[in-house]
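The feature region 'Disordered' is assigned by TrEMBL to 1-20, 410-430. Sequence annotations record features per position, and here TrEMBL assigns domain 'Nudix hydrolase' to 297-531. TrEMBL lists 414-430 with the feature compositional bias 'Low complexity'. Taken from TrEMBL, the feature substrate binding site applies to Lys620. Positions annotated as active site, proton acceptor by TrEMBL: His652.
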Amino acid sequence: MRQMALRRLGGRQRGAPASGHCVARRTLAASPVTASASVGSGASTSAPTAAASPAQVAAALSGAVPAVPGSADSAGLPFYSQYPLDRKSEWRRDGPRLNELFARPDAKLIPLLRDKVLVRPAAAAAPTAGGTPVTAAAGASAASAPPAAALRPVLLCPASAHADLAATSPARPFLGLDADGAPYFAVGLPGDSPAALVEAEALAEAAGGGAEWRGARLAGPDLAPGDASLLAVASGLMVWHAGNAFGAAGGGPMVSTPGGFSRKSAPAAPPAAAGSAAAPAAASAASAPSRPESAYPRIDPAVIMLITSRCGQWALLGRKREWPTDRYSTLAGFLDLGEPLEAAVVREVAEEAGVAVDLPSVTYASSQPWPFPRSLMVGFFGRAAAAASPAAAATAAAAAAAAAAAPRKRADSGCDGDANGAAAAASNAGDSAVPVASRGRAWWQPPPASAGLPEGAVVGGFDLLPAQGRRAALDVGVFREEVDEVLGGVQALQWPVVDEDEMEDVRWFHRDWVRAVFAAPGGALSVSGAGRFNVPGPYSLAFRLITAWAGALPGAAVEKLDGGGAGSGASSGAGMASMPVPLPASFTASAPAAAVAASAHDDWEGERIPQVLIGDGTFKYVLARLWDPRPQAEGGGRSKLLVWGDPRAPYHNDVLQKAKQLAQRCGGLKVTVLGGGRIRHDPAARIIDVYGYSAAFGPAPHELAAAILARWYPLYAKEAITVSYDGY
C-alpha cells in the first residue's frame, strides 16, 4: 500500500446473419447473430477458443448489427462512440441510389415512436442460416468477450414492406451499411395520432418475444454498444426532424432531404387564383425569403470533467437531486457562447462547487456522442488550484458572498454546528469527555504559523501540524513523510460551496475509499462510511473518467484505462491501496531498481488490514503504524497508518494487541503504536470527535487520525469531524 520512509525500526535494513431470410411482406428481422460468427460456417460453441481479433471484438460489441471492419478501431472508445455502420455520407444526396437501397430485400428499417425504440430481450443464442446455434461471443476468448447485452433492437426487414410507414414519417434517414453490406434506414411513427399508436402496438406484437417500446436513453445501457449507438443516432435524428417542420427564418414548411441529415424549404406552391381559399397561403409564401432555407442538426457541446486535488489523491464528485439514490458522478455543463472547452471546465466547476481549477491543467480525455437528443460530451481531467492561490481566494470570496446573500444547503444534512453539539450531548450523556459546548476544532486547516508564508512556499512535515499536534507527533515517533502524505493534500484542498440550484451535493472522495467501494464483494454497503454510494454505469463517459483516475473497475481487478497518466495505478488486491508514495533516494539507492519498481506494484499483505476500524459510541482508539520489516529488495519497506478503536476494549493496549495479532497473521507484519485517545462516533448524526490521550501511549496527533477518518467517511461533512487534546 503506502511506501513511506521507515526509520528507527529496530535497525532492520529497509532496505445471425444480419440479412436473414426476409419475408415478402411486413416481416421482422430475426435476432441476428453477431459478425463474430461466420454465417453458414457451421462453427459451434464447442470450437476451441482463441484470442479475439480487434474485428471480432468490435463485431461482438455491436450485438445484433454486424459491425463494419473499420469499427474495430472504435472498440476502445466510449459506449455511444462505437457506431457499427459505414455511414456512406457521400450517398445522402443521391435520391435514386437511396431508393434502390431501400428497395433491396436485405434493407433494414429502425422504427421509432418519438424518442422511443422497439427492443426485445436478447436471446441466449440465435441460429445461423444453417441452423447451428452460435453464442454472441463465438470465436472470442472468455477474457476478451464483452458482457452479453440484455436487449436487442427490432429491425424491420425488408424495409420496402413498410413503405407506408416511411410515407407518413417526417424523414427516412439513411444510416449506412453494415458488415454484410445491408443498408439501414430509420422511420418515425407520428405518435400523436391514435392510428400511429395502434400501428406501434401492432409492430411490438408482431415482433413477439416480449418486444416493447422504450426510451432510447433508458434502453441504451442494456444494449450492446454498437446497437445502442445506432439507435441513439436514429432517435436523435427523428426527434430533430419532428421539431423542425418549419424554418426558423421565414416560418415556411421544411422537408427532409433524401439522406435525412438535413431539411430544406418545401417547394413553392403554384400561384393561386385571387379570391380562392389558397390565396392566404400563397401570400404567406410570397413573403417568405426568396433564398431557399436549409437546416442541419445542431450539436450542443457539453464538458464533463474529473477534477482532482493537486496531490491527485482526491476527486471532486457531486450529485443532483433527480439522480438515482446515492448516485455520485463527475461535474458537467454546457458551453457558453464563444467559450473554449477548457474555459467551460473552469467556469462550470466554479459555478457548481465554488472550486477554482488551474486552467493549464485542463487536459482532454475523451468524447462521446450523447444524442438525447443532440449533445456531445467532451471529457477532461483537471486539477484544482491550491487553496491559498489568488484564484482560489477570489472564488472562495465570491462563494462566501453568495452564501451570505442566499441560503445554501450544507454538504450534509443534520450537520449544522449547534445541532451537531446537541446530538453529541444526547448520545453521550454522562460521559466524562470533552464538554459539548466546545466539540473541538478544525483538523484540515494549516496551523497559524504557516499563515505568513509567501505564495508558493512549500510547507510540509511537522509544520503541517499545530503546536499540540506537532509535540504529540514528535513524542510518539511519527515520520514527517507520514504527516506529508496524510495532511499535505488535505490542507491544499478547496472545500466545495455547493450551488443548490445546480447540485444537491459536491464533495471530495479519496482514491483509497473509491477503490475499496469498487472492490467490496457486497458492494458499497459493506464499506464503512460508504452509505449506498454508486457511480454511473459503463455506458457513461463519467464512468471512464472515474475508473481511469481510481485505477480500478467496480467488481473487477485494478485496471488501467485509456492509457493516460490519470489512469496509472498499482494493483490493489483488495482494492484498498492508494498510489505508491515515492521513497526518498537514500532509501532506494541500495536496492535494485527492478525490485523497487516491482514492490511498488505488487500486492502487499498489509492491504488486507483495514486502515480504519472503529465502532459506534464513545471508545478508546490508537493510532498505529503497520509496517513490513523486510528489506525493500524483498518487497518490504512499506507502511500505512491505522486508526483503530473498539467500544468493547477497556484499555488502549487491548486495541493495539488486536492489531498486532492480525498483522502477525499477514506475513509477519509489525505494528508500532503512535499514541491514542478517544473517539466519539455518532453514525446517525454523522459526527466524529477525536480527543483526549492514552495514559499508556501518550496522546496521538489527532489531526492525522481525523484526516484518515475523513478519507473513510467521505459522506460526513468535514466540520462534523473535530479534534481536541482536552479530556481523557
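Residue numbers in this text run from 1 along the chain shown.
Placement of Cβ uses the backbone N, Cα and C atoms for every residue, glycine included.
Predicted automatically and left uncurated, TrEMBL annotations should be read as such.
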Integer Cα-Cα distance in angstrom, Lys620 (substrate binding site) to His652 (active site, proton acceptor): 6
Averaged pLDDT score, the domain 'Nudix hydrolase' (297-531): 79
Chain-internal residues, separated by at least six, CB under 8 A from the residue listed as 'active site, proton acceptor': Lys620, Tyr621, Val622, Val673, Gly676, Ser694, Ala695, Ala696, Phe697
